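Enquirer: Residues annotated as transmembrane segment in TrEMBL: 7-25, 271-293. Residues or ranges marked as domain 'Ig-like' by TrEMBL: 56-145, 151-240. TrEMBL lists 366-652 with the feature domain 'Protein kinase'. TrEMBL lists Asp508 with the feature active site, proton acceptor. Summarising the annotation, TrEMBL assigns Mg(2+) binding site to Asp526. The annotation compositional bias 'Polar residues' is assigned in TrEMBL to 669-679.
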Amino acid sequence: MVNNRTLFTILLTVLAVIFGLFKLWCLITQLKTMTLEDDTSDVPAVNQTEINSTAPKFKDLDSVDKVMVGYERNTIKLKCEAEGNPLLNITWYKDGVTPPQRQWGVIIYTQRAIILHNLTMEDSGTYKCKVINENGFIDFTYKVEVHKQFPGMIYIKEGNNITALVHTNTSFDCNVEADQKPYIEWLYHNTSFKNVNDTNLNDGIIIKDSNSSSNESIIAELLKLIDVTHLNEGWYTCKAILKNDTVYASVYLKAINTLEVPKNKVFKLKVYHSITMVISYELIILACVIMIVHRQKKKKELMARQSDGNEKITQWTKKIVIEKLKIPDVNESLTKPVVNIKKKKSKSTNYKLPIDRDFEFPRHKLYLGRTIGEGEYGKVVRGKIDGIIRETGLCKLAVKMLKDGHTDSDMIDLVSEMEIMKMIGKHQNVISLLGCCSQDGPLYVLMEFTLYGNLRDFLRNNRPTSGRRTGRVGILGYPLDESHLLSFGYQVANGMNYLSFRKCIHGDLAAKKVLVNEDLKLKISDFGLARDIQNQDYYRKNTDGREPIKWMAPESLFFGLYTIQSNVWSYGVLLWEIMTLGGTPYPSVPNVEQLFNLLQTGYRMEKPFYCSQEVYSIMQNCWNDNPNNRPKFNDVMKIFNKIGSETSHLDLVELKIPQPPTPPPVNKIHSTQQPELNL
């Protein structure tokens with residue numbers, strides 16, 4: 001019979017065996033699982049990747065400025081934060097070249113950015129990061145602009161020496177001009193320092209700095225002294241510590257008990273006061289004398305006008321002298337004539353001009369009609385001649401003359417314009433001079449007659465009547481379309497190309513200075529501000545006068561410099577007028593001063609509603625700040641021809657510069673019967 005102790009021992013042994021077998025089974029199972037994972041690790045990884053596979057995309061780049069501006073010797077960091085699965089490959093480019101290269105220094109690459117230390121001007125350019133994986137690619141572009149380090153400048157507004165009364169308050173304001181926020185220190189040098197220079201600037205006691213001015217209510221640049229005493233006398237130095245420079249400015253404070261005016265200064269003040277009183281009395285007396293003389297002169301003039309036929313009054317004949325070379329050939333540059341007026345005593349007041357028989361027309365064969373336009377000093381009337389001009393077959397023409405009350409300067413301007421037109425010659429897109437009446441009466445300048453007047457008013461009068469692109473034309477009777485506007489832009493460029501070929505700067509190019517003929521041929525006119533540039537490529541304005549501000553190039557506005565490329569800028573504004581159907585340039589700019597500021601900041605007018613991007617690109621190129629980067633008129637014509645070839649309904653004239661013929665004499669008239677005057 002087995003006792004209880006034996007049974008208990010057997011039971012413990014069985015339990016120990018079972019526990020050992022269970023532990024062994026767990027160990028074997030764990031080893032099998034690890035082996036299975038090792039053998040098949042590639043399969044689940046691929047499946048998991050395929051489940052979470054994503055194309056690359058940027059993180060937090062929406063708020064990043066694409067234009068990064070830095071300064072020489074500073075640091076710039078370009079981020080390229082992106083995410084995607086599988087792993088991303090990031091490649092950087094500079095100006096299309098990878099990897100980016102630096103002439104000075106290295107590029108530090110991090111996982112998601114590049115860092116450029118010690119920037120130089122050569123680091124400017126376009127940087128692009130390209131992120132790619134097997135699901136696609138994305139890129140982000142920065143434009144990096146490196147500017148020259150602005151040298152720090154410092155001065156104390158109160159000057160170099162300050163005198164303060166004892167027991168009063170005073171202050172020093174340190175003004176630092178730099179492209180970074182400086183660290184400011186104020187140093188005090190007591191009266192033992194007779195002068196402060198580079199050798200002892202830093203020997204002073206620091207009495208205030210930027211750290212002590214962390215409170216926003218305390219300004220580090222401003223040093224205030226309360227209740228000044230003689231102990232406060234001495235030098236005070238403002239020290240501005242910049243990243244790459246340290247600049248100083250010093251001021252000497254002298255404390256005094258009372259303000260004393262020197263006796264010699266009191267005497268000088270009395271003398272100045274006496275002199276001022278004497279001068280004032282003399283000015284009053286002089287003004288009274290001038291007023292009396294002026295009244296007497298007016299009275300004499302009135303009496304002279306009232307005494308009809310009084311031969312005792314001496315009058316003047318004003319002889320106009322024109323100094324010019326012969327009319328140049330095609331390949332020669334224009335030489336602007338010099339026009340002067342010489343006075344000679346006579347019984348009547350008149351202008352005497354030299355006769356040019358190639359252009360002189362008999363006054364008695366000219367008939368004048370109604371006024372069709374007025375300018376600053378002259379007007380234009382319709383005219384008709386007794387006979388026709390053989391070369392043109394015209395009998396109607398426009399006659400330009402001076403208004404009543406004109407000045408000698410106005411006469412000089414009109415004669416100069418006439419002489420310029422003689423030398424320019426003939427071109428299909430430039431108004432032609434047909435002749436003049438300069439003898440035995442007022443000066444009449446005979447020009448081609450254009451039916452529709454100036455281009456600006458023509459465009460405004462032919463605007464669509466509704467908001468649609470087409471509409472009834474007020475003058476023509478049929479609607480303008482895009483081909484008309486493009487043709488207008490081409491024709492003006494053609495005329496200006498000819499003037500450039502003749503080295504003539506127009507000086508006043510605008511839509512109101514271009515005339516429209518009955519066959520919609522445009523002709524550039526009004527050479528009142530025209531200049532020739534025979535021996536140099538520019539003209540600098542040295543006199544005051546009214547100028548077409550909104551059409552002028554920046555170099556003309558700010559420096560008085562006029563070139564052929566200045567005409568290109570004005571042409572861009574004129575092209576904007578064409579595409580807006582006679583709109584007023586810079587309509588949202590309220591005054592001239594604001595226009596100056598906007599042009600200096602790079603502002604340009606927006607694309608007109610009726611304008612294509614190709615034509616607007618011409619305007620933008622014409623408005624380049626650098627005159628050398630603006631297109632030539634010949635280039636503009638080529639662009640219009642290209643646009644015309646792509647537009648089937650556009651019919652542009654042939655692109656070539658015509659050889660300008662010698663201006664024909666206009667006194668060769670076929671005599672006919674006197675025509676009926678119908679102006």
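Think of each number as a place in line: the chain as shown, counted from 1.
The backbone N, Cα and C atoms fix where each Cβ goes, and this holds for glycine too.
Values in this document were obtained by computation on a predicted structure and should not be read as measured data.
Map the listed features onto the structure and describe their local environment.
Expert: All protein chains included, Asp508 (active site, proton acceptor) registers 20 other Cβ atoms within 10 Å of its own Cβ. Secondary structure at Asp508 (active site, proton acceptor), taken from DSSP and collapsed to helix, strand or coil, is coil.
Its own atom aside, the Cβ of Asp526 (Mg(2+) binding site) has 23 Cβ atoms within 10 angstroms in the protein chains shown.
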Enquirer: Give me the CA-CA distance between Asp508 (active site, proton acceptor) and Asp526 (Mg(2+) binding site), in Å, as a whole number.
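Expert: Answer for this pair: 8 Å between alpha carbons.
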Enquirer: Mind checking how the domain 'Ig-like' (151-240) divides into helix, strand and coil residues in DSSP?
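Expert: So the counts come to 9 helix, 40 strand, 41 coil.
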Enquirer: Work out, from DSSP, the number of helix, strand and coil residues along the domain 'Ig-like' (56-145).
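Expert: Counts, helix then strand then coil: 3 helix, 49 strand, 38 coil.
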